[in-house]
Amino acid sequence: MPLIAILPGDGIGPEVTREARRVLERVGDFTFEEAPVGGAAYRETGHPLPEATLALARRSDAVLFGAIGDPEFEAIERSLRPEAALLGIRKELNLFANLRPAKLFAGLEDASSLRPEIARSIDVMIVRELTGDVYFGEKGHRKTPEGLREGHDLMRYDEREVERIARVGFETAMRRKKRLCSVDKANVLETSQLWRDVVIEVSADYPDVTLSHMYVDNAAMQLVRDPGQFDVIVTGNLFGDILSDQASMCAGSIGMLPSASLSGEGGRGMYEPIHGSAPDIAGQGKANPCAAILSAAMLLRYSLGMAAEADRIEAAVAKAITDGARTADLGGSLSTTAMAEAVLAALA
Ligand code: NAD
Ligand code: IPM
Ligand code: MN
């Protein structure tokens, strides 16, 4: 029986993974093991990513991750903050490819920040590089010679890192509408110039894919002007983080966007909503569980070869929404559990 590790984390993380687990239990037989991560783990063990949690992630067939982050830990040493656990798992498991699909579920036009006719056109897969860039470059703080405080974070990529994520971008485009837009800031950044050069080199292996390039500032603008122009976007870690949160509001809510983080080695991956621990609504039963439920569907599809069950879950979310189920972020009043129950009812 497949072993699914559940790392609920902080804030709304446990609230949404609980519901995603119920949906998984409805479509198949799995063994679940849970372990603490983030602030919750720090409170229990003194470290946000305990050895036992990482070991569980390594020996499981797939990881379902909730969210981490807790205002209580904003001022402690960076390596002990909740975020370090998430970055640590991504790095340790070599999960360099983060797939973030953003599409509008029919009926959510009113929840989008865009006019309905524009909102309806969004159906983009953002392929975000996840283990490099300014996130993992050398960082620090010091005093300048004049005694001013200075902080620095090195933005860097090597060509091997760019090549492998570019391939994921092209492969993803091959399975969709064969249009790939590489987003960078090559007019200013050396990192981006390397990125663009390597993406162009890799494109020679994918003659059927139409490749375009866009600067990230323009991409942010185009995403709200005409999101339908995008099929697949491939971009670096930081730009992908920002653009995917933006894309979520085109699609109605950050509570709707799942993600898959993959290593390309075998099927193992980690699956998580793109949102965080939402301290402002944590503990109130208000969180939208759909991003976590849809992440569970991606888990079935990408790690367990259960595409039919993944399709069923996605169809159930779509049906629950067309039937009118809405949490507060979507303009409704259902609780987290009631929203999940609407999805479960639609599954039946
Ligand atoms: P956030 O995504 O947690 O919340 C942003 C806004 O979206 C909030 O108003 C929140 O209530 C709302 N929101 C998020 N998820 C929702 C859901 N499922 N249903 C309804 N509303 C939802 O981002 P933030 O406030 O910038 O960060 C809070 C903490 O989360 C920070 O500690 C941050 O580092 C962390 N974080 C973690 C992850 C992760 O675990 N992958 C991702 C982003 C942020
Ligand atoms: C995300 C989050 C993380 C990121 C943070 C919490 C480290 O924003 O998963 O999108 O920046 O990657
Ligand atoms: Mn983010």
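Cβ atoms are placed via backbone N, Cα and C, with glycine included.
Those TrEMBL annotations? Automatic predictions, nothing curated.
Note that this is a predicted model, so its numbers are computed, not measured.
TrEMBL annotations:
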| type | residues | note |
| --- | --- | --- |
| BINDING | Arg90, Arg100, Arg128, Asp217 | substrate binding site |
| SITE | Tyr135 | site 'Important for catalysis' |
| SITE | Lys185 | site 'Important for catalysis' |
| BINDING | Asp217, Asp241, Asp245 | Mg(2+) binding site |
| BINDING | Gly276, Ser277, Ala278, Pro279, Asp280, Ile281, Ala282, Gly283, Gln284, Gly285, Lys286, Ala287, Asn288 | NAD(+) binding site |
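Cα-Cα distance from Asp217 (substrate binding site) to Asp245 (Mg(2+) binding site): 15 Å (rounded to the nearest whole number). Among the recorded positions listed (Arg90, Tyr135, Asp241, Asp245), none has a CB atom closer than 6 Å to any atom of ligand 1.
With the fewest other C-beta atoms within 10 Å around its C-beta, Asp280 stands out among the binding-site residues Asp217, Asp241, Asp245, Asp280. Within the set of recorded positions Tyr135, Lys185, Asp217, Asp241, Asp280, Asn288, Asp241 have a CB atom less than 6 Å from some atom of ligand 3.
Counting neighbouring Cβ atoms within 10 Å of each of the recorded positions (Arg128, Lys185), the lowest count belongs to Lys185. Rounded to the nearest whole angstrom, the C-alpha distance between Ala282 (NAD(+) binding site) and Tyr135 (site 'Important for catalysis') is 26. In space, Asp241 is the closest of the binding-site residues Arg100, Asp241, Asp245, Gln284 to Tyr135 (site 'Important for catalysis'), judged by Cα positions.
Considering only the recorded positions Lys185, Gly276, Ala278, Asp280, Gln284, Lys286, no residue lies within 10 A of Arg128 (substrate binding site) on a C-alpha to C-alpha basis. Asp241 are the binding-site residues among Arg128, Asp241, Asp280 whose C-beta comes within less than 6 Å of an atom of ligand 2, given in sequence order.
Taking the C-alpha atom of Ala278 (NAD(+) binding site) as reference, the shortest distance to any of the recorded positions Arg90, Arg100, Lys185, Asp241, Asp245 belongs to Asp245. Ranking the binding-site residues Ala278, Ala282, Gln284, Lys286, Asn288 by C-beta neighbours within 10 Å puts Asn288 at the top.
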